[in-house]
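Engineer: Got these off TrEMBL a minute ago, pasting:
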type: REGION; residues: 1-22; note: region 'Disordered'
type: COMPBIAS; residues: 1-12; note: compositional bias 'Basic and acidic residues'
type: DOMAIN; residues: 33-326; note: domain 'ABC transmembrane type-1'
type: TRANSMEM; residues: 82-106; note: transmembrane segment
type: TRANSMEM; residues: 158-176; note: transmembrane segment
type: TRANSMEM; residues: 182-207; note: transmembrane segment
type: TRANSMEM; residues: 259-278; note: transmembrane segment
type: TRANSMEM; residues: 298-318; note: transmembrane segment
type: DOMAIN; residues: 361-606; note: domain 'ABC transporter'
type: TRANSMEM; residues: 684-707; note: transmembrane segment
type: DOMAIN; residues: 688-974; note: domain 'ABC transmembrane type-1'
type: TRANSMEM; residues: 727-746; note: transmembrane segment
type: TRANSMEM; residues: 804-824; note: transmembrane segment
type: TRANSMEM; residues: 830-848; note: transmembrane segment
type: TRANSMEM; residues: 909-933; note: transmembrane segment
type: TRANSMEM; residues: 945-966; note: transmembrane segment
type: DOMAIN; residues: 1009-1253; note: domain 'ABC transporter'
Amino acid sequence: MDAKAIESEKRPAAALPQTSPTALWPPTSESSVASFAAVGSGAGIAFQPLIIGQFISTVTNFTSSQSSQSSQSQLRSEASKLAIYFVYLGIARFVLSYIYNTLFTYTAHIITRNIRHEYFKSALRQEVAFFDHGTGGSIAAQATSNGRMIQGGISEKLGLVFQGISAFITAFIIAFVVQWKLTLICLCIAPATLVVNGVAGGFMGVYENQILEINSKANAFSESVLSSVRTAHAFEIRDRLVDKFDEYLSSAHRIGSKLSIIFGVFFSAEYCIVYLGYGLAFWQGIRMLSGGEIVEPGGIFTVIMSVIIAATQLTMLAPYMVDFTRSATAASKLFELIDRKSEIDPYDNTGHQPSEVVGEIEFDDVTFAYPTRPGVKVLDRFSMRAHAGKVTALVGQSGSGKSTIVGLLERWYNPQSGIIKLDGHPIDQLNLSWLRKNVRLVQQEPVLFQGTVFENIKQGLVGTKWEHAPKDEQMERIQEAATTAFAHDFITNLPNGYDTEIGHRGGLLSGGQKQRIAIARSIVSQPKVLILDEATSALDPHAENVVQKALDRASDGRTTIVIAHKLATIRKADNIIVMRKGCIVEHGTHDSLLAHDGTYAQLVRVQDLAVSSHGSQPKAELESVNASKADTVTKVSAPTPYASVDNHDRNMPQKEYANYDDYKQRNIMFVIYRLLRETPELRLVYCLVLTGCIVGGATFPSQAILLSSVVDILTLPSTELEHKGNFLAAMFIVLAGGCLVSYFVLGYATNTVAQHFGHKLRKQSLHDILQQDLQFFNREENSTGALVARVDSNPQAILELMGYNIGLVLIAALNLVACSVLALVYSWKLGLVVICAGLTPLVGSGYLKIRLDAKFDRDTSKRYMISASIASEAVTSIRTIASLAIEHTVLERYTRELDEAMADSKRPLFTVIVSFAFTQSAEYWFMALGFWYGCRLLSLDQVTLYAFFVAFLGVFFSGQSASQLFQYSTSITKGVNAANYLFWLNDLQQTVRETNQTREVGPGPADTIDLDNVKFSYPLRPGIPILKGLDLRFKKGQFIALVGSSGCGKSTVIALLERFYDPSAGSIKLDSSPLPSFNPRLYRKIVALVQQEPDLFPVSIRENVAFGLSHDSSTDLEVNDSQIESALRAANAWDFVSSLPNGLATSVGFGGSQLSGGQRQRIAIARALVRDPKILLLDEATSALDTESERAVHAALAAAKDGDRITVAVAHRLSTVKDADMICVFHEGQIQEMGSHSDLIAAGGLYSKMCEAQALD
């Protein structure tokens, strides 16, 4: 998809949410108290001009009168009294700032928690078709990143807005009371500012919504990539996937660039209007003073200072306006889903719930097409009946509609026409949860969840009367179900029995163990209907034999619908239905269909294995073989679709910074330096930013000098006063012009920087993650959901740091330094005392707040990554969650993590806010010190009035700058933490990587591969060797098969040959050269991998197959289509691809959801064949294929067998490897026996028994 196509898909801005705000933010006493505290704090700010006005009147009266002992004493006395007022104001602001910031921040956590909860709940209640569109791919990332944006916009910033508005209103009220006429003239700046805010905010909202829409699609794509990282490594398409991701980012960048002018106009207009208002106030105020309308000089200063404070508060609200716009836009994206009405709602409690279930199922004239391809009928007027208590089997080609029947029975979808009935009741009239509780499903790739064996099987009790029963009663039912599923014995042998943790997605169990737990979970509620969708296709013969017995026992007395490609598993079915293109071609029992000698009989003949009778032994013997090995805690070799990498892929630890918690955190100066160093292309823009900041940083010192000049002329005669007053007013207009130019440059340049960083760092983040070794992805904190959230949220945090915030922070810092220097220049005594005694503690407190904020942000981010992982796990397993009807349970788990994160954040949050409150109040205390000490110096004639005011106002403005600077501490710390994570990621040294020595070293003819005494064990389980001194040789032209029980090391050999990791001991050589001597990228160009669970990316079929081509040959579209068609024909996929409305251009959807399992597998095989590899690795590559497709694919592989290719295949379905040149039978990490099919059958050993278990009668 090109950038224009991406932009064309943008939707208009979201409408206002329909969800009641009170549902997410109920009115509470806390929010009321916080609001009143913020208003009170703002009023405290506005009272400053009253004290300063009295101060100026006192000082001017002193200077205009004769300096005497009594007047000096009176000045010091008045100064002490007024200084005490500042101390009281500081105390009041400390208390009020702490209250409002604490309560608003905590309330923001509650609001964000509620929004995340409602968002995830709404995601869980959507129909499965919703996720087929790929929309669900970014749900976990949006819940995390958008939630952070919302929280950032409404936490302490909301309190600051209340405070600012209160200060604005109170300041004008005070000014009105002191001098209404002058105040009325100055009030014109308010509507002008509001107009600017309104217009700019409107444009920002439109563009920000479009950017979030594109970023949502980008997140969905990155989630697909990160959940398929093994494929990305195997085909060395990491850079190509990042380039695809970059198409989304480029589109968002183009839209974001349009914000530069808006930011420039917004900031420049804000500040220009304020300084024009100052000029107007001084011009008119001086005229009124000289005309006698204002008597006290302090009166004009009170009004003008009130206007300054009001205007300053407006300008300080400007960046918060940007944050609110982003926060509102982020919220609107979440509310789109929250307010979406599900077509099939699992939370809907309506619908009939019959008291008894018989299990009679009927499809009557059902027509169905998937919503994503409404023109392609999958079932066409389909009718069938599954009798109660009987076993009905469905067989046929991939894509013939078998699994669609499962989806319709589970009500993942509704048919376009026709009726589906359970015991005579149309299922769309039944309560959905009740239906799914009574119709249980066991899928081909069972999905287990993080937790214990007990917790996983217990999920089958959700919605039953045993859901909330005492644990003893639940355990009794669970053990009964486990016994029926032949799982009880191996469970009791686990380290902690039923309380054993099984790892992420059951990663510590073998395939057979996972499948049996899934069966126990499905039957523990004693359903009347059981659906088995390829339940044994992933299992080795031993595990299949045990699981099949479990299924036979579980089917007893239940209506059972079985979908199978292994026909041996359904020969006892009461009715076998053979399907083709959505229709029934024949049906009957196994014997009757064989007698009919039709399609079914042909399929049986293809799968039948030739086993001589002389070697036959009872199948019970096979069950004892490897029993101890199969029933120990081991890792299934096949990867899962969620993690992409199994737990065996844990090689040696990363050489540096393996644990991010151990990484030395860099400070803000280092972070900014490195970010600047790594973006030399922005040097000119940085110069513009610096120029704008220098000019902007000169405003406060300029104000101090101009205001001091005004005070200095207040005692002059009226004519001279007006003349000099006009000049000073004109200087404010000049200052306004400077702000107009500098802040436009600043706004334009900082947004340019921000958009560049957002684009570059998102791309770099995904790139750096994909460069990591596969064991990186097995760390608990590196789940797919957590990584997707980091790819989105970390660059966003840096964007906020390096965007307009860094400009405003730099301006505040420059103002702080400049005003402090100004104070020292004009009165070194006053400046030194106030800076050392007042400003230093303030800056120190602000620095402490930044440090505490940084730790707080790291801790909370870590906690929220856990909830992101749960959300991602749920979305990628939505069919399992729907079939078990455990939406409530998953939501409770997600909510529990959110609540724990909130609970853990309370104490550190309250500590951080103490520093914030101090930074907001300390300026009053050192102003009191400066006022008191300055008046003392003035009374002793140690400083002139003008110098005193310049120094005092310098101190005043430096305090304001420091206070303003630390208001951005949250954005600073989030950006610094995000940058530190990206630096850590970028600095990681991979084990399998390109080096200077291997950069140009590629493989030769690939005549032989030698495994020489290869040993391997995983670092997390060093006491469990997987491979124990393996010796093997593969030659060009050979087809080598690896067979054996799950966990015996077969797939580990495949992973070693792919160089996903290196052996612990021994060596693997290609043409006598060790694999590490080659550049991994060049080596993998001659290797192709097909996995049991194929990973497809959410692009077209053409692009998915083209990923198999080398990068150099993937640019010519004509060559591509020719090669792609040949590969698809070889994979027996061309017929179904060409029948699709868009042919090769058809999108496969998120995770290949638009295709059936068999179709996905054939596309993956075509992707491998189009590569024309010298080494072809097949890990259960045909397990999901129907018999006809499997036969055609193996014919294509056989045609290439005698050429220059080495083919290594892992297989459980032994009929697929009986023609192999050599079959290696693995047992406990070693080769038990080796030879051709006929030789091994004749030997009557382990392989012969495995064949016997799979043979059809």
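For all residues, glycine too, the Cβ spot is worked out from N, Cα and C.
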Engineer: Take the transmembrane segment (259-278) and find every residue of the same chain, 6 or more past its ends, with a Cβ under 8 Å from one of its Cβ atoms.
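Structural biologist: The answer is 186, 188-189, 192-193, 196-197, 200, 203-204, 207-208, 304, 307-308, 311-312, 314-315, 318, 321-322, 696, 699, 703, 732-733, 735-737, 739-752, 755, 804.
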Engineer: Most CB pairs under 8 Å with the transmembrane segment (830-848): which of 684-707, 727-746, 804-824, 909-933, 945-966?
Structural biologist: 909-933
Engineer: Same-chain Cβ contacts of the transmembrane segment (182-207) under 8 Å, 6 or more residues past its ends?
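Structural biologist: Sequence-distant neighbours of the transmembrane segment (182-207): 13, 168, 172, 175-176, 255-256, 258-259, 262, 265-266, 269-270, 273-274, 276-277, 280-281, 284-285, 288, 294, 300, 303, 306-307, 310-311, 314, 317-318, 321-322, 324-326, 328-329.
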Engineer: Of the listed stretches 298-318, 684-707, 804-824, 945-966, which one has the most C-beta pairs under 8 A with the transmembrane segment (158-176)?
Structural biologist: 298-318
Engineer: In the same chain, which residue numbers or ranges, 6 or more beyond the ends of the transmembrane segment (804-824), come under 8 angstroms Cβ to Cβ?
Structural biologist: 263, 267, 319, 322, 672, 689-690, 692-694, 696-701, 704-705, 746-747, 749-751, 753-754, 830-832, 834-835, 839, 843, 950-952, 954-955, 957-958, 961-962, 964-965, 968, 971-972, 975
Engineer: For the domain 'ABC transporter' (1009-1253), what's the mean pLDDT in this predicted model?
Structural biologist: 83
Engineer: Do we see three or more Cβ pairs under 8 Å linking the transmembrane segment (727-746) and the transmembrane segment (945-966), pairs being at least 6 apart in sequence?
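Structural biologist: Answer no: the transmembrane segment (727-746) and the transmembrane segment (945-966) share fewer than 3 Cβ pairs below 8 Å.
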Engineer: What residues in the same chain, six or more past the boundaries of the transmembrane segment (82-106), come closer than 8 Å to it by Cβ-Cβ distance?
Structural biologist: 30-31, 33-35, 37-38, 40-41, 44-45, 47-48, 51, 54-55, 58, 154-156, 158-159, 162-163, 906, 909-910, 913-914, 916-918, 920-925, 927-929, 931-932
